[in-house]
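These come from TrEMBL:
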{"type": "TRANSMEM", "residues": "41-62", "note": "transmembrane segment"}
{"type": "TRANSMEM", "residues": "74-91", "note": "transmembrane segment"}
{"type": "TRANSMEM", "residues": "97-115", "note": "transmembrane segment"}
{"type": "TRANSMEM", "residues": "127-147", "note": "transmembrane segment"}
{"type": "TRANSMEM", "residues": "153-174", "note": "transmembrane segment"}
{"type": "TRANSMEM", "residues": "208-230", "note": "transmembrane segment"}
{"type": "TRANSMEM", "residues": "236-255", "note": "transmembrane segment"}
{"type": "TRANSMEM", "residues": "267-290", "note": "transmembrane segment"}
{"type": "TRANSMEM", "residues": "296-319", "note": "transmembrane segment"}
{"type": "TRANSMEM", "residues": "331-354", "note": "transmembrane segment"}
{"type": "TRANSMEM", "residues": "360-379", "note": "transmembrane segment"}
Amino acid sequence: MKALARAWSPVSLALSCVLASIALCLHADNILLYALEKAGAAELFVCAFLGGAAALCLAVAVSAHDDEQRRWSIGVGLASAGAGIAFALLLDVLPAPMVSVCSGGLLGFGLTCLLRQWGRFYRSFTFQGALLNTGLSFLLASLWWFAMVHAGSPFLFCLGLIVLVLSGGLPLLASDIVRADEVRAGLRDREERWVPHVSIWQVMRQGWAAVVGLMFNFFVIGLTFWPLAAGLGSGIVPKPLAYVLVVAVVWRVAARVREPQGGMLEAFYRVALPVAATLMLASPLLSGVFPGVDGMVLSILSYLGVATINVLGLVVLFWSAKSSEVGFSKMFAAFCASCAASLALGMLVFQLLGPEASRWFALVLLVAYLGAVLLGEVWRTAMRAHAAAPGSSGGESACECEAVDVLEGGD
């Protein structure tokens, strides 16, 4: 229960503000992007945002290391995001393309920098604690996002975005300052360097499905960005409700886990992903078979699957980066760059195929993803049955169980 109590920490839940800020910048359903769209510059904003995120990933991959000063990185993230919001406030003064490029690039760089620091903060969590914390953070982020999309003007929207950025960065900065003071006073040992438990191949063999699902969600964000693609996405009402349901399930699972290495977390992970993909397929399939079904119910079902993959994907992303021999910073950079590329690919596919063809293309990808997850489970079951057979060496099974324990276990 210590992990559950730690997950309720106000410092850790401030991650929700960073997640909400990123979601607001990438979805074309708020007053700021509406205003930029009228000026023909909304696409520039998102492209610049992705460029800023990619620039941060490149800088991290080339020069960053896990022993760097966090305080400096947090300050850079806050300053960059604040400067991006300041440019957005000048929409009526400066040319719209200039505002889009400067604001999007600075926000992308700053928010990705803050997200990276939150990922490093996850080193203090067990896997069940990280799972619960991420679910709660996404729930709060959906509430902040739901409130922000109803802002009456770009000015009010930018003010709300400032509050979210400060609320997401300042608690992390304060926590780092307190930690440094405790180290100087001898009240806390210096943070130990993390020694990876398994190779990146062993980690990703267990977590590939969640990470690929997260990339698929970014791909769909790219498809639904364009105004003509609004019908491909779910409405704004079901999102907080979907995360409430996900958090309720996660809380139940985490509360029942008594030991760090147990079968319940593994079973939850293995069952939740195919169920989530099936729920995402339910909306288009049921609407085609039963045209009279309430669209709100279908949207809730669909976004429940999206929410589940978002939570599991981010947990596995942070956790696998933490456990990798490559180092957290470089793994985080690779994952974030992949998500940004997925979103950009979605935008490109929509432009090339159009709304109807891109919708079917996304459904085909989702079916292929579900099939791959199910085949992976069949293969894993067959390998375990073979390892349990008399005369089997069991080497593969032991290696796989070690990776499962790393994903499930604590520090």
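The backbone N, Cα and C atoms fix where each Cβ goes, and this holds for glycine too.
Note that this is a predicted model, so its numbers are computed, not measured.
With a cut-off of 8 Å on Cβ pairs spaced 6 or more residues apart, the transmembrane segment (331-354) and the transmembrane segment (208-230) reach 3 or more such pairs and are scored as touching. Ranking 41-62, 97-115, 296-319, 360-379 by CB pairs under 8 A with the transmembrane segment (127-147) puts 296-319 at the top.
Of the two recorded stretches, the transmembrane segment (74-91) lies close to the transmembrane segment (153-174), with three or more CB pairs under 8 Å once pairs fewer than 6 apart in sequence are set aside. Remote same-chain residues near the transmembrane segment (267-290) are listed as 209-210, 213, 234, 249, 253, 298-299, 301-302, 304-306, 308-309, 312, 359, 363, 366-367, 369-370, 373-374, 377, 407 (criterion: CB distance under 8 Å, separation of at least six residues from the stretch ends).
Contact between the transmembrane segment (360-379) and the transmembrane segment (97-115) is not supported, since fewer than 3 Cβ pairs fall under 8 Å when only residues 6 or more apart in sequence are counted. Sequence-remote contacts of a segment are chain residues at least 6 beyond its ends whose Cβ falls under 8 Å from one of its Cβ atoms, and for the transmembrane segment (208-230) they are 26-29, 37, 46, 269, 273, 276-277, 306, 309-310, 312-317, 320, 335, 338-340, 342-351, 355, 358-359, 362, 365-366, 369, 372-373, 376.
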